[in-house]
Every structure is written in structure tokens, then in C-alpha cells.
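Inspection log for the structure reproduced underneath, given as C-alpha cells.
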Number of protein chains: 2
Amino acid sequence: MLLIGLLAGTLAGVIDLAVDWMTDLKEGVCLSAFWYSHEQCCWTSNETTFEDRDKCPLWQKWSELLVNQSEGASAYILNYLMYILWALLFAFLAVSLVRVFAPYACGSGIPEIKTILSGFIIRGYLGKWTLLIKTVTLVLVVSSGLSLGKEGPLVHVACCCGNFFSSLFSKYSKNEGKRREVLSAAAAAGVSVAFGAPIGGVLFSLEEVSYYFPLKTLWRSFFAALVAAFTLRSINPFGNSRLVLFYVEYHTPWYMAELFPFILLGVFGGLWGTLFIRGNIAWCRRRKTTKLGKYPVLEVIVVTAVTAIIAYPNPYTRRSTSELISELFNDCGALESSQLCDYINDPNMTRPVDDIPDRPAGVGVYTAMWQLALALVFKIVITIFTFGMKIPSGLFIPSMAVGAMAGRMVGIGVEQLAYHHHDWIVFRNWCRPGADCVTPGLYAMVGAAACLGGVTRMTVSLVVIMFELTGGLEYIVPLMAAAVTSKWVADAFGKEGIYEAHIHLNGYPFLDVKDEFTHRTLATDVMRPRRGEPPLSVLTQDSMTVEDVETLIKETDYNGFPVVVSRDSERLIGFAQRRELILAIKNARQRQEGIVSNSIMYFTEEPPELPANSPHPLKLRRVLNLSPFTVTDHTPMETVVDIFRKLGLRQCLVTRSGRLLGIITKKDVLRHMAQMANQDPESIMFN
Amino acid sequence: MLLIGLLAGTLAGVIDLAVDWMTDLKEGVCLSAFWYSHEQCCWTSNETTFEDRDKCPLWQKWSELLVNQSEGASAYILNYLMYILWALLFAFLAVSLVRVFAPYACGSGIPEIKTILSGFIIRGYLGKWTLLIKTVTLVLVVSSGLSLGKEGPLVHVACCCGNFFSSLFSKYSKNEGKRREVLSAAAAAGVSVAFGAPIGGVLFSLEEVSYYFPLKTLWRSFFAALVAAFTLRSINPFGNSRLVLFYVEYHTPWYMAELFPFILLGVFGGLWGTLFIRGNIAWCRRRKTTKLGKYPVLEVIVVTAVTAIIAYPNPYTRRSTSELISELFNDCGALESSQLCDYINDPNMTRPVDDIPDRPAGVGVYTAMWQLALALVFKIVITIFTFGMKIPSGLFIPSMAVGAMAGRMVGIGVEQLAYHHHDWIVFRNWCRPGADCVTPGLYAMVGAAACLGGVTRMTVSLVVIMFELTGGLEYIVPLMAAAVTSKWVADAFGKEGIYEAHIHLNGYPFLDVKDEFTHRTLATDVMRPRRGEPPLSVLTQDSMTVEDVETLIKETDYNGFPVVVSRDSERLIGFAQRRELILAIKNARQRQEGIVSNSIMYFTEEPPELPANSPHPLKLRRVLNLSPFTVTDHTPMETVVDIFRKLGLRQCLVTRSGRLLGIITKKDVLRHMAQMANQDPESIMFN
């Protein structure tokens, strides 16, 4: 856990620093040292004062460097072109690396990790190559300015770290269950470093990612998340020694009447979630089924080009998305120079700097409003097309950005309404003239939570992450109200969150713990063999020869065979794994004398009584599992599904008064569930 | 959920207000209206200024009211006596009410709720009487000044609300599982109102209280906790419209070097946890086994008297414990008038009020230090004797108080060390002269978390509750470090938290999810009948008469009977519940014609072939559970325990190749586990 935390924290720190530098590289370069980002470059230069901190001679835009012009149309166009070129270069590098070295490094990885934690094995998905390539390409794609975040992929990166370290210790590498516990904890560490939110990370792992979360895992996740957050804090990529990514401080409490716009934002978040999931799934399905899927590099290049071309002219899309969110969350203090804070000041009023009353909006605010509206539409559309391309891509940050933009606009609207109409009955009680009653930044925060909730359907972990992100502990109730509304609205249109939707789309065999199985079918309806199918392949306890068994193994591909007393009685005595059978027979043939093809194999304690001249029998009781899991044929499937989920079974035998009737595998359960939900049962993928 | 949240929030608000008033009643009374607390009394009076807010003419101490003296020895003695008298009166009333009306209202209730959620039924434990009496007596005992908190009992109160509302809806009243889900959510609402910490409440319910926590419950708990917190906020008992109980704002970050004292506090917390659990359990065992247990009223009176006599002279124990904690958590600002903030000011220094540098301690601080030390020793001793008496009593607040006192003392120590020795290598880097580098209040907070963690062994929920309580989001790492250390230290001395220890002491049949069962016994070692015992009482599918079955039912007290094909083959076909059997036979005898004592009972689809003159047979397939849970006799007990836990079974049948061998009940599993842990298996209580 310590090692996972350390490595995940270090990687996250390195990614943050690299992204910072490469994002700025799209705009210009530092003359004193090209590996400095804009901010670092101007910090080290002594010639700048606080006001001019964004303009320092050592930092040169590309136009200044190349044609020595900093203003004017041609400089603008040159900078624009350089921005697009860098973005295309980064995106091309990323998609090529993913294609050539590690195809599993694409996407957010959370749907796959959910599936892996539910017991499915995808070989190489958590391998060392995936770790390396995902880390490098993540830096590239985030820097390229595409509408995606680094949060989901960081969870995948952390899980790769977890897998790597658990393969070093035999306690974990040999026991699937223990390894999955380590992966759950690693997922928590991933979210912890992605947001600097250790507790939110633990809850995210619990609510979203993990399948079975014993209390010991809670405690371990907590430790891993702590170490990871601590490591990240030591690296200090944000340069402010705060764990908090978007630290905000608001000076006013919220009022009851504001719950109404907050709930409206929740509704917006739910609608956005529905739109995003439907749109994105439709597009991904088209990618899978049409020619589009054959040109992943071209697709990435085109989307990057479109993003860069549209994003550059608008100041709210040009900068990195996390900077945008940070600005939208911030309250307008006295020192704030942002366009969003261009209010008309009343010159007669002198007040402490912290407590600025509501003021009429200036021209900058109105400009900002329509720029934000354009940016919102653009973000909504482009994110639908971006998520799911063959590059690492997370959707936390884009979702939050959509919500923050919508929220900030609503917030400014309410603020202006309250300012101009403080005699209205809704405002009269809490918004006297000259008071600071509406905080637009809070609306942005609530909107971000609502949109993230709509897409992922998180509730508790969402609220915890939001207030760990912002430090806004006083605002639990607004955040909760928005999260709850958003979940309700989105659930009304479809029960699946984005991760479940992608699991379904890809047909992973994932037995969702959240759905309730309510159909009234019985085990006998699901078990195989069905009516008319050949009987179940079974072994008898003391009457089959080695050759019979070898033929059976050759002719079938089942993972194991039930062992019964005899073909007549069919009373079940145990279950033998295919792999162990093969190994035992091979060993016996090589090492035990007298074992020939027509030796009798027996699973009983004592050898059967055989005619005098028959060959030496082979005892195989060692490979027999004497306690296979059984249910009766009358067991409701509801119970069977519950047992499969809670005990993590792969198969279960069906008996009636001790006689073996059939077998139900996890595959059968999943197929049956798909059938009951009117889906194509053959769409489910198995390894 | 809405109703539970509303009721729990309202009750918590009423309790807070009543406690406030009654605590002050011990010291004096308000002349304008006797139902005003000290604070309310002085607020309504216009004659007071801000500085004198504690002294207003309308509020009279008992000595002023009775003998018209406010100073001097006799006034002090009179006030002292009145304080003791009121405390005794409250405590006597409380213990009498509990004894007469609702014996289940005593204790914190959390061990019992844990047991109930694991599937055990304690009739009346969550009843309406318990709800009413617990609410009233909780107010009385908290006001009496005993060393106990209202947090644990509030969880019990909320669960009573949950039980009450779920009995109103048939969906919940008829399904045990669903009702338990409601109770889990209610527990979350309880913690939510106890601390004003909705998210901490959900996590507490998850980590400490609940047995099986499906995701749907998470989401519901969240809603209930939200509503409850919101209701409480509307009632606004703390008068500051904050949800946060002990709001603090610190002005300095913490430094790496401070981790060392924080970890020391963690060690202290772990030791305190061990001491408390051992001491308290030893005392409770003595109460159970000796004559002491026969005089609960006397015990409460004596403890209250001792508490009141010792508490009054020391200002830190006289006031209510939550006020004490609040003062200890607070940073010394410029306006702080507390003795703890009596530092020697440098008259040459003028500074903004917020940023006060470290200063040498004045005489008040030294006085406070030894008073705190005495209060600490007293609290440690008296809490051990208080928890477990026959009154409602929680231990969150006393534990936190112990930790906060120790933490504050350590904090002041470190601060003075840093002030006097800023040239030491550990201080040199971060503590320049004149800087504000050590915040003693933070140490108090960390100490409180460590002590609470040591007693309850919470981790994640503890940290979340602490920062919801204090709003100190920046201090996650110190809190986590202390919580982790405290858990490690305490676990080294004994794995059980206080709640598990009480469950064990009372012998509740609780199958702990946290312990791993690692012994290598098999199902056959645990099942009954044992070797030499009479065979299992079974029913045959078509050969017993009604009279045979009635005799069997009369002679045994089993909850149900396995049904087999015949006594010879013993192949299992199902399980029939005793209660349903009795009912079915009674109905048949009354309503069906031709059913007499020697009618054959059959469980098969078709009636058995009977001689021509035999009476009409009775078909009972309806009461037969055709899918009883079975394991084979070779199943390891590890697996059996796991199945019992995860599926919440009450019994499980043991078979070998279809033949019934025996039965394992939850009782047998618990007895076996106790035996394996070298405990007396007969100490476990069953209803």
C-alpha cells in the first residue's frame, strides 16, 4: 500500500508538472530555460511586479520569438497556427503510441477496472506497458487541449501500479481475491491524487469502482489514498502547498430561496448526463459498427484540429479546462482582475475588501456571458465526440466544466435579478440593497457537482470530492440537493451511468450489484443442459477409464466436470477442475507405474473392486472438490443471482434431492439477465 | 426516509435546546422567563454590551436569588450545593424513568443496533416507549453533568424513529431485510444530527454500525442524513446557522515536523482506547456478576454525586463537555478572553488581529495547564465508570474531551518550546521568531480524533466526522496520521473496539464481519446431530401421519424440519418451517374434510398410493421450501461462515451426495467460533 501510494503520487506529480509545461508550450517558450512553464518562467525573472505577473520579458509568445511581433493580426494568426500545430503534434504522438505499444491504454479505464474487480480477467490490461504508455500519452492528450480530463486515466494508472506491486508479493499474486482488494485500494489512491481528495477517493472506490468492498479494504484504501495525497503534496505541483485543487473561499452563507436555482442546476445536470450518455454511446456504437473505427488516428487528428480551431478564439476554451473551472468557482474579490468580475463599482462606497456587495454587471461581465454560452455549447458537443477515442480520456473535468459554466451563468443571472429587484418577495428577506447575498462562484460549484453526478450517478462520493476539491464545507446541503436532483432526473431517463453504459456497449461480463433481479424464473430455466440438449458431461466416481476421461477432456472445453456416483444414480459427490484433471493424469502417466489408457480412475477413498487381471487403478480424490456449490432446481433465479454476486462464484451445480440435474455458470446467469432485459444475450464478451 | 430525517432532526433540535436550558438551570435562573437559558436570557436583555454578555441582571445565580449574595464563600457553597442537587435530581429522574418504563433505553445502544442489523431480533428494543423515554432521559443525563455524550443514544433514537416509520408501511414491516436497510439509513441520520455531520454519518453507518450495506442503502442514508441535518439547521439550536458543531478557523498551515507530536497523540489515543475498553469492560463485568448490578439507581446517584462534587471547583469540568471541547479547539484570536489565551503580549508589536505570532505563556496559561491536567485525570477515571450504567450514555463526547485536553496541553508545550528555542534544528526551518507557527487548537483536534479512534476503531468515518465538525479540511493528513497510529496502537493490545467488546460482554449473537475465521474445521465437525446424539428430527415426504407430525412438533422446539424422501434413503427434498406447519395443519383440520389424526401427510406433487380404506391424505407442498441452503459435509467452516455472513442465513443443511447428514444453525456457528477462540460457547445469548 505504501509503495502504491508513493508511486501513484509521484506519477501524478510528474504528470501535473509535464502538463503544465506542455500546455504553455502551445503558446510560447521561456527564454531562460525552455523547460519552464509560463508561471515558473515569470517567477524566476525578477523584473516583474505583482500586477504584471503574466507579462515578463523572458516569456515569449511564438510570434514574438519567430517574427518579433507581439500584437496585430499577423502575430495573432501565427500564434493561432502554432497552437493548432502543437495540439496536432501532441495528439498524433499520443494516438500513435497507444496504437503501437499499448492498445489497452485508451479510454478512461474505469469500466474495465470495474469489470476486472467483478472477477473477469483481461490479460495485460494492468500491465507495465500499459502503465508506461498511459502515463506518457495522458500528458500528451491533456496538453493537446482536447476536451478530456486526467482523472479517470489516473485511476487506471494507479491500478496498474497496484497490479505491478501485487505481482511482486506471492501472497497477492497467487490469490485473485486478495489482488482485487489491492486494486480497489489502488483505485482510491488514483482518485486521491487526481483531485487531491483522499477521502473522496476512498468513497469513489467504494461507490463506483469496487464490486465487493470488505471493511479491511476500506482501511487499506484509506492508507493508500493518504500516502498518495501526501506524496503529491510533497511534489507540490500546484505551487501552493494546498492539497486542494480549486480552493475557494466564499464570504457569504447561502439562503433557503437559493435552493430553487440549485435544484434547477441539478435538473440541468441530469439532462446533461442523459444527453451525454445517449450521444456518446450512440457515437461509440457507430464507431464500433461502421468504417469509422478503422481510422482511429485520423479521427483523433480531426477532433483535435476542430477542438483547437474553435477553442483558440474564445478565452474560456483556450486555457486549460482546470484553470477555467478554477476561475469559474472563484468569488469576485477586490483584487480579481478577471473579466467575469468586471462589475460597476459605486464610488461612494468604501468597504473592507472581503465584503463586496452585489453590484450591477459591467460590460466585461456581459461579454463574458456570451463567450461562456458559446464555450458551453462547444464543450457539450465536442466532449460527446472526444470520450471513447483511442487515447486516454477522462470525463470528470469536462463534465465539471460544463456544469461550472452553466452554474456561473445562472449565478450571475440570479445576482443581477436580486440586485435590480430587491423588493421582490423572494429577495426581500435576505437581500437588502448593498448586501453581498449571491455568490455566483457557488452556483458554478453546484452546477459542476450536478453535471458530474448526472454523468456518473455518484452521490456521496461526489459531494465529498466536491468539498475536498473546494474546501467548501458549509455548502454540503446545496451540493447534496443538486446531486440528488441530478441523479433523479438522469435516472428517470435511464438507469445506467456512463461507466455501466460503456460496460454494456463493450459487452463485458459484469454482474451489476446495483440492479435488482426481479424476474420470477427458477434455476431450472437457466441451467444447462436445456431440454433436448445432450446430457451434461460428467465423470463417475469409480467406473471410467483414463482413456474415457481423456476423450471427454478433448471433446469438450468446459472448465470442469461434476463427479457423480454412477450414470444411473447421478448422485453428486463433487467437482473436478479441467486443469487439475489434465495435470494429474499427465503426472500419473509419467510417474506412476501401471497406469495405462484403460486403468480405472476413481475418486472414492477406497479403490473399487476390480477383476483380477485389470490394470492398476488411478486414485484422483486429490483433485476432487468435495464441496461444490449447489442449489436445487426450484431455487428462484433471484436467489441464484444474489449468491453469484455475493460469493463471487463462477459456476454452481443444480440438484434435485441429491441428483445432479445441470450446471449454471456465470455466463449463463449473465445471458439470462440480458435476455430478461430484452438485450441480445450474445453481445456479452467472455475471455 | 424523509419522515425519519424530519423526526430525527426535530428530536435532536429539541434535545439540544432542552439540554442547553437545563444545564444552565444548575447554575441559575432567568428572571424574565424561567425557560430561557443563560445565553438567551442575556440576549433578550438590552442592558448588556458585548463585553459583559455573560453578566446581565436578568440572569441570577442561585445564591443571588436565594440569599442575595453573588460573591463570597457562602454564595459559592450555596451555588455548589444547588449544582449538586440539580445534578442528583436529573440523574435520579433519568434512572427511575429508565427502570420503570423502558429498560432498553439505557446505554449507547450502538452494540445492540449492530446486533439487530446482523439479523438478531430484540423485541421492543426499537419500540415507541424506548424512543420516548430515551429522548427524555437523554436530556436529563446530559444536563446532570455526567461524563457522557448524547451522540450514541441519538443513533438509537433515530433507529427507533426508523423502526416506527417502517412499521407503518407494509413493504418494510413485512420484510426483515428491507427493514434493516431502513435502520442502517436511520443510524446515518442519527450521527448526522448528533454532530451536524451528514457525510460522516453515512460513513459511520457504513463502517461501524451496518452489517450488510448495499449501495442502495448508501444512497438512502445520504438522503436521510441530508434531511435530518437540514431539519436541525432549521431549528438552529446553536444559534449560529452553521451545521458545524465546533467551528474553528486556523490561520496557519501545519508543518512536516509537527507530524511527530501528532503521531505521539495518536499513540496516546490508542493507549487511552485500550485503557478505557479494558477498564470499562472489567467494571461492567463486575456489575453483571456481583451484587453491584442490583442497585442501579444507587450506582447512578453515587456516580453523579462524585462527578458533581469533583467537577464544580474546576472550571474545565464544570461547564458542559461540548463547550469545553469547543474552547480547546479554538485558536487564540485577539478577542479571545479565555484563560487558555492569556499570553504575554509584546507591546511594541502591532499586527493584524488575525495573525498573532507565538508568544510566551502568561500565568493564566500555566493555571489552565494544571487545571486541564486534573480535569484530564478526572475525566479518564469517571468515564470508565459512567459508560454502561443504566442510563442513556454515549462516549463520543467524553472521548473527544480526553483527547482534546491532552492535545491542547501537548500543543501549548510545543508552542512554548518553539518560542523559547527557535534556534533548534527542528524549529529553525519553519518557526522564525515572531511567526505564528504552532496552533495549539489543532493539536486538540488531532488529540480528540486519536482518542475517539482508539475507543471505536473508526478510521475513514472518524476523519470525515472530525472535519465536518470543525471545518478543518486542510488538516486531513494530521487527522489521518493520528487516526491510523491510534488504531494501530490500540489494535496491538486487542482487536475489539468498545462496541464489539460490549457485544461480547453481553453475549449477543453477532457474527463479526471483520474477524477472519482461519481454523481448518469442516462442516461435519460443527453440524448436529453429533456422534452419539439421537438422529435429526426429519419429516418424510409421504409416509408420516398428521399425528406423527404433531407429536414431533410437540416434542421438539426446532424452528423447522428437513423433509426427506424416506427414512432409508434420507435424500433431502426440502425444508418446512415449524410455524407454517402448525398453521397448515390447524387450518386443514378445521376446514378440510376427512383430515384426521392418521391421515397421511405428503409433500410430493401427487398423493401417494394408499390402501383403499385409508383416510384422506393431506397435501402440504405449499409449506415446503424447495430450495433450502445446503453444503456438503466436507465444506470448510471458513466457507460456511462466509456464506452465513454474506447471505444472512439462519440455518443450512449438510448433505453428502444428496443424503441429509445434519444441520448447522447460526447458533452452532457462533458457538463453534467462540469455542475456537477459547471462549465459553455458552455465554452467547439467544432469543
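Each Cβ is built from the backbone N, Cα and C atoms, and glycine gets one as well.
Sequence annotations record features per position, and here TrEMBL assigns transmembrane segment to A:80-105 (among others).
What TrEMBL records for A:126-146 (among others) is transmembrane segment.
Listed as Cβ neighbours of the transmembrane segment (A:182-206) (distance under 8 Å, sequence separation of 6 or more from its ends, same chain) are residues 1, 4-5, 8-9, 11-13, 113, 116-117, 126, 150-151, 154-159, 161-163, 165-166, 172, 213, 217-218, 220-229, 231-233, 242-245, 394, 396, 458, 460-461, 464-466, 468-469. For A:182-206 (among others), the entry in TrEMBL reads transmembrane segment.
Per TrEMBL, the feature transmembrane segment maps to A:255-277 (among others).
Look at TrEMBL and you will find A:297-314 (among others) tagged as transmembrane segment.
The feature transmembrane segment is assigned by TrEMBL to A:368-388 (among others).
Note on the transmembrane segment (A:395-414): residues 108, 147-152, 194-195, 258, 261, 264-265, 268-269, 272, 276, 316, 321-322, 324-325, 328-329, 340, 361, 365, 369, 372-373, 375-376, 379-380, 383, 386-387, 438-452, 454-456, 498 of its chain, located 6 or more positions outside it, place their CB under 8 angstroms from a CB of the stretch. The transmembrane segment annotation in TrEMBL covers A:395-414 (among others).
Beyond the transmembrane segment (A:442-467), the same-chain residues lying 6 or more positions past its ends with a Cβ under 8 Å from any Cβ of the stretch are 191, 195, 197, 199-201, 203-204, 206-208, 248, 250, 254, 261-262, 265-266, 268-274, 276-277, 325, 328-329, 331, 395-396, 399-408, 410-411, 414, 473, 475-476, 478-480, 482-487, 489-491, 497-499. Marked as transmembrane segment by TrEMBL: A:442-467 (among others).
As a summary of secondary structure, the domain 'CBS' (A:527-593) carries 24 helix, 17 strand, 26 coil according to DSSP. The feature domain 'CBS' is assigned by TrEMBL to A:527-593 (among others).
On the 0 to 100 pLDDT scale, the domain 'CBS' (A:624-682) averages 83 in this prediction. The annotation domain 'CBS' is assigned in TrEMBL to A:624-682 (among others).
Residues 380, 383-384, 395, 399, 402-403, 406-407, 410-411, 414, 426-427, 429-431, 437-438, 443, 446-447, 449-457, 478, 481-494, 496-498, 501 of the same chain lie 6+ residues outside the transmembrane segment (A:255-277) yet bring a C-beta within less than 8 angstroms of a C-beta in it.
Same-chain residues lying 6+ beyond the ends of the transmembrane segment (A:126-146) with a Cβ under 8 Å from its Cβ atoms: 11, 14-15, 18-19, 22-23, 25-26, 83, 86-88, 90-91, 93-95, 97-98, 101-102, 104-105, 109, 116, 153-154, 156-157, 159-164, 183, 303-304, 307-308, 311, 318, 320, 386, 391-393. Counted with DSSP, the domain 'CBS' (A:624-682) comes out as 24 helix, 19 strand, 16 coil.
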